[in-house]
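Going by TrEMBL, these are the annotated features:
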{"type": "DOMAIN", "residues": "32-427", "note": "domain 'Amino acid transporter transmembrane'"}
{"type": "TRANSMEM", "residues": "35-54", "note": "transmembrane segment"}
{"type": "TRANSMEM", "residues": "61-82", "note": "transmembrane segment"}
{"type": "TRANSMEM", "residues": "111-134", "note": "transmembrane segment"}
{"type": "TRANSMEM", "residues": "155-172", "note": "transmembrane segment"}
{"type": "TRANSMEM", "residues": "178-198", "note": "transmembrane segment"}
{"type": "TRANSMEM", "residues": "265-287", "note": "transmembrane segment"}
{"type": "TRANSMEM", "residues": "307-329", "note": "transmembrane segment"}
{"type": "TRANSMEM", "residues": "350-370", "note": "transmembrane segment"}
{"type": "TRANSMEM", "residues": "376-397", "note": "transmembrane segment"}
{"type": "TRANSMEM", "residues": "409-433", "note": "transmembrane segment"}
Amino acid sequence: MVTQPPHDDLDDEKLARQKEIEDWLPITSSRNAKWWYSAFHNVTAMVGAGVLGLPYAMSQLGWGPGVAVLVLSWIITLYTLWQMVEMHEMVPGKRFDRYHELGQHAFGEKLGLYIVVPQQLIVEIGVCIVYMVTGGKSLKKFHELVCEDCKPIKLTYFIMIFASVHFVLSHLPNFNSISGVSLAAAVMSLSYSTIAWASSASKGVQEDVQYGYKAKSTVGTVFNFFSGLGDVAFAYAGHNVVLEIQATIPSTPEKPSKGPMWRGVIVAYIVVALCYFPVALVGYYIFGNGVEDNILMSLKKPAWLIATANIFVVIHVIGSYQIYAMPVFDMMETLLVKKLNFRPTTALRFCVRNFYVAATMFVGMTFPFFGGLLAFFGGFAFAPTTYFLPCIIWLAIYKPKKYSLSWWANWVCIVFGLFLMVLSPIGGLRTIVIQSKGYKFYS
């Protein structure tokens with residue numbers, strides 16, 4: 001008589017190990033978020049420092065195209081966000097907790113990873129680097145305003161000071177544990193956006209204001225236009241973390257997570273509109289094409305108000321950095337634990353996260369070209385993951401009827417997204433080249 005090997009025990013062991021890993025990983029370890037968590041996580045992810053660059057983007061795009069691109073982006077990204085929320089649980093009994101899992105479902109195991117992961121990583125790591133620079137610059141500006149007689153300190157040191165906060169905060173285990181930081185960041189984004197447009201409005205239209213294109217040559221104008229498109233694309237970048245945020249909301253067949261998630265998204269998008277449109281339109285109206293690439297730099301007085309706004313920006317980008325870093329931590333920790341069979345321990349997490357913060361700090365200190373970086377990353381990776389990848393996945397999975405409303409809507413988004421993806425990195429790269437000519441490393 002042949003005895004069967006006790007493979008049930010093996011299966012149980014395997015399942016137990018899988019459960020242990022899932023309970024440890026940052027995205028799936030806590031699923032008790034409320035709908036308002038989704039609201040402020042989305043606001044923190046979306047309303048980044050990019051909002052302060054919108055008046056400058058308007059000056060590169062001009063009134064007509066500028067308003068059109070802003071409004072179109074708001075509508076298209078809300079639509080693609082809705083698609084992602086819907087697709088989170090389209091397979092009964094399964095949740096796509098991560099962007100790449102949705103990609104794998106649509107395009108196959110290997111191809112899905114190759115399509116989604118590089119783009120998502122470029123966005124998330126790109127944002128973290130840009131926020132290192134933004135945090136450092138805002139701290140520097142605050143220091144200059146508060147202490148005018150002090151000896152000037154290099155930007156490099158301010159970036160290091162900003163990074164020191166993340167060496168502590170990045171050890172919060174998962175999305176729910178950073179909800180307090182995220183709420184503070186969301187409140188700050190509304191606050192500094194309001195300061196930016198309200199203090200611009202109280203200044204009144206500047207005497208020699210001009211609304212024409214600033215560049216002297218046609219080539220310069222065209223490149224600046226492309227760069228402006230990238231700045232707008234960068235301002236709508238929350239899609240890269242939306243499935244990961246939804247993964248933290250509890251879900252049952254009777255009450256799927258898409259209900260509370262969508263409620264949170266609607267609130268977030270109303271806040272986004274309240275931040276973006278006034279800042280972009282009022283800022284450009286007041287300063288014209290002379291506006292700086294960060295509107296707070298154009299507002300010199302009153303010093304205390306601008307100093308306050310800069311500290312608000314710092315608090316906001318602290319929260320935002322954490323939101324974008326969490327999926328990267330998740331990917332790194334998944335790779336180490338599932339593929340390389342490391343034990344899921346606190347020591348492993350400590351090493352991984354400190355390494356990541358140090359790496360983004362180092363790159364931020366080396367290349368602090370804020371405006372150009374925005375446009376370059378904006379087009380290169382934000383446009384696909386935000387504007388058209390959700391549409392391609394939707395078409396691949398749901399296969400709507402040719403020439404139906406859904407079919408048309410998705411193709412319009414795809415074309416608009418491709419247009420952004422191809423054009424804006426060109427402008428951004430040119431800006432980086434121009435800015436880097438007179439640049440000294442770690443100065």
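Just so it is clear, glycine is given a Cβ too, placed from its N, Cα and C backbone atoms.
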Practice problem: State, in range form, which of 35-54, 265-287, 307-329, 350-370 has the highest count of Cβ pairs under 8 Å to the transmembrane segment (111-134). | Solution: 307-329
Self-check item: Contact call for the transmembrane segment (35-54) against the transmembrane segment (350-370), three or more Cβ pairs under 8 Å
Solution: no
Quiz prompt | In contact by Cβ distance (the transmembrane segment (265-287), the transmembrane segment (409-433); 3 or more pairs under 8 Å) | solution = no
Quiz item: Between the stretches 61-82, 155-172, 178-198, 376-397, which one has more Cβ pairs under 8 Å with the transmembrane segment (307-329) than any other?
Solution: 178-198
Quiz prompt | Top Cβ-contact partner of the transmembrane segment (265-287) among 61-82, 155-172, 350-370, 376-397 (pairs under 8 Å) | solution = 61-82
Quiz item: Between the stretches 61-82, 155-172, 350-370, which wins on the count of C-beta pairs under 8 angstroms to the transmembrane segment (376-397)?
Solution: 61-82
Quiz prompt | Intrachain neighbours beyond the transmembrane segment (155-172), with Cβ under 8 angstroms and 6 or more residues off its ends | solution = 132-133, 135-137, 139-140, 143, 178, 181, 314, 317-318, 321-322, 325, 329, 349-350, 353-354, 356-358, 360-361, 364-365, 368, 442-443
